[in-house]
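Student: My structure is below; once you've seen it, I'll send some questions.
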């Protein structure tokens with residue numbers, strides 16, 4: 001009995017200990033959740049659009065996507081676009097001096113004279129970038145291109161391929177050519193969203209954009225897809241963009257428009273300032289709209305078409321930034337008052353690329369001192385005492401010093417928004433430029449440091 | 001009794017629950033510690049040298065440091081160096097177009113003709129950068145310089161000042177001038193380590209380096225201090241370096257040597273690629289060594305002196321990188337086989353600045369694909385198929401592909417070291433260059449995103 005009583009007393013004492021233990025567990029769980037949240041992986045970027053847009057069918061283009069098992073399991077990883085005879089194709093590519101085999105191949109094919117009966121095709125695989133793969137890289141490109149050419153009935157010189165994914169590993173091209181019949185059997189004008197999904201690597205959402213205009217009383221449609229700077233170690237960010245239109249435009253003019261517009265769109269975005277070996281943009285015009293041909297750069301109709309194309313390119317470019325690794329903020333940097341457009345772009349990109357600016361934005365800190373620093377290092381002409389800096393509509397610094405009416409609380413509240421505007425006026429001239437970037441967060445380090453646990 | 005029995009049973013049941021609860025607490029505590037360790041602040045950089053070096057006294061130089069309360073409490077924040085008559089001073093400054101007031105002031109004073117009886121002085125404060133402070137900035141510089149001139153008995157045009165710390169706030173210069181008597185009273189040839197501590201901002205260790213050589217049978221000494229890229233929001237990284245020697249060198253030759261050597265030392269290091277508005281290097285030669293004067297660039301003794309000076313500059317530059325924000329790895333990037341030295345530097349700095357390379361190093365991942373990417377984006381001439389990449393002594397990629405004998409386990413083990421070497425041979429020519437960088441870690445984001453909790 002005495003023992004039982006002692007046991008009871010012990011048990012009662014232990015029982016008393018339960019409550020504080022449970023309290024401690026709750027506290028620890030909360031602390032752990034908070035600590036983990038700082039580096040947690042969101043399934044989809046918080047900046048993603050609510051849904052994939054309804055892309056119009058583009059006369060003369062059919063799409064197919066399938067799972068070839070290049071690297072990923074249980075998802076599509078190859079897309080095919082078949083382009084009707086008469087389609088003109090323009091392209092823009094990475095400026096890297098270590099360009100991947102498919103990029104080098106595309107470059108030789110762009111702008112080549114084509115017969116009116118020649119169709120074309122674009123084939124893209126994800127999972128393997130076919131980059132830094134020596135001679136085997138070019139052989140893989142040729143194996144795939146010749147397989148597509150046979151299956152779709154177009155000359156091999158009219159087959160454009162891209163690859164994105166792991167680098168330095170030989171592309172298992174037989175897996176791609178093995179699904180060629182499956183792909184051609186599926187070809188459909190409505191398959192564009194599936195194509196957008198098949199080219200994703202670690203993108204957290206598929207990217208699409210469209211525009212519809214009227215030329216000579218007839219509708220002209222533009223629709224495009226992109227993949228962004230998702231990355232799977234040991235990969236690197238690659239941006240792939242495919243835009244389709246039923247407009248009738250000769251190749252040289254199409255190329256001229258693309259080259260012009262890329263400087264205001266894809267060349268003005270940055271996630272981390274690094275450049276892929278595989279960046280590719282292809283623009284295909286089928287000419288199947290009944291609208292009249294777009295003939296000269298200066299015609300009014302050309303401007304209407306260029307504006308619509310710019311809108312689609314900008315929309316896709318912004319989506320790439322919004323899916324930047326670890327991005328929680330989308331930032332537009334607007335520079336005005338520069339002596340030249342080149343200077344304005346230099347300043348905008350120096351701010352957009354600065355790790356110090358990007359981490360300040362992650363911390364929701366209106367750190368205008370770092371903007372001053374980035375302007376200073378840009379290499380553009382700038383005068384400290386003429387500089388004005390805005391966050392949103394609030395002027396924070398001007399005439400070489402903090403703005404007299406500057407209220408930090410207002411700007412701190414503004415900085416909590418997911419989409420931000422930083423304005424810089426250099427006070428020297430009339431030239432302006434914009435750049436778009438995202439913040440630099442713990443998640444970027446997580447994704448790219450590839451913690452080996 | 002029945003109730004008591006029920007209570008006992010309850011208590012026993014609860015008591016049984018204690019053990020698993022305690023186990024759960026242990027598990028949670030471990031997980032929390034692990035999670036927090038990923039972003040925890042080390043008090044001192046893991047790459048810091050074990051102790052501050054024994055710096056020799058430099059004839060003709062005396063130091064003092066004190067606490068003026070510019071911004072920090074309970075630490076020194078002003079240092080003064082008095083330089084004997086006949087001292088020649090060379091300087092190198094940030095290339096930023098938004099340079100801070102003290103930098104602009106120093107630039108006008110460097111190289112000015114001086115009388116043989118004119119001494120000189122250097123005054124540096126931490127806590128406030130006096131940057132982007134409009135006209136008040138220049139007024140503060142002048143107030144301090146004239147106070148130093150009076151106290152030390154040198155012309156104001158021979159007083160060089162630097163400021164580092166918060167930007168955009170007026171420098172409370174009266175706090176600095178108020179301690180001038182205290183400073184001059186303390187002046188001593190042995191005060192160099194105290195001076196190194198007074199100029200720190202968020203540096204985690206004071207930085208010093210020295211060399212002793214013989215010229216014409218007489219010893220010549222060089223000793224220097226630096227502060228690195230620590231940063232206190234809303235600050236920006238600033239590098240300040242002060243080097244002293246008793247060598248006799250005329251100002252133009254001293255400036256020429258400094259300008260040459262800076263290209264191989266401080267201009268080859270990077271923490272995040274951002275540039276401060278205040279970076280300053282001053283090199284003072286008192287000429288008080290009995291050694292003969294160093295007269296021409298091509299003399300043998302000049303080379304001996306230049307080599308020693310390079311060593312001191314490189315040592316300080318490496319210490320700055322080792323105290324880079326969040327750094328856990330020190331990396332030397334060696335580029336060989338370039339067509340020109342300029343190309344070799346471009347490639348070395350592109351690798352050293354790449355966030356993708358730097359995060360891979362943080363993750364101890366021998367990600368040679370990212371090195372290929374950085375080579376490609378550098379703008380230097382490179383041929384993918386001639387490129388060879390080494391981590392330490394192991395060739396990982398060559399001839400445009402992964403090296404045949406590449407053993408990932410060996411290289412993965414190498415990557416766990418705190419000091420790493422990345423070698424790139426471009427296979428095009430004989431030019432070479434080196435750059436030094438650190439890894440990009442969670443701690444960098446923590447420091448610079450300034451979490452507001």
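Glycine is no exception: its Cβ is also placed from the backbone N, Cα and C atoms.
Look at TrEMBL and you will find A:1-10 tagged as compositional bias 'Basic and acidic residues'. Residues or ranges marked as region 'Disordered' by TrEMBL: A:1-21. Sequence annotations record features per position, and here TrEMBL assigns compositional bias 'Basic residues' to A:11-21. According to TrEMBL, the substrate binding site annotation covers A:201, A:227, A:238, A:325, A:448, A:453. Annotation source TrEMBL lists active site, nucleophile at A:238.
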Student: Let's see if you can do this one: DSSP helix, strand and coil counts over the region 'Disordered' (A:1-21), in that order.
Tutor: 20 helix, 0 strand, 1 coil
Student: Report, in sequence order, every one of the binding-site residues (A:201, A:227, A:238, A:325, A:448) having a CB within less than 8 angstroms of a CB belonging to chain B; if no such residue exists, report 'none'.
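Tutor: Only A:448 pass the 8 Å Cβ test.
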Student: Would you mind ranking the binding-site residues A:201, A:238, A:448 by how many other Cβ atoms sit within 10 Å of each Cβ and giving me the lowest?
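Tutor: Taking A:201, A:238, A:448 as the binding-site residues, the minimal 10 Å Cβ count falls on A:201.
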Student: Taking the Cβ of residue A:227 (substrate binding site) as centre, how many other Cβ atoms lie within 10 Å?
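Tutor: I get 29 for this one.
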Student: Please report the DSSP secondary structure of residue A:227 (substrate binding site), reduced to three states.
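Tutor: In three-state terms, residue A:227 (substrate binding site) counts as strand.
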Student: Let me check the 10 A CB neighbour count of residue A:325 (substrate binding site). How many other CB atoms are there?
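Tutor: There are 26 such Cβ atoms around residue A:325 (substrate binding site).
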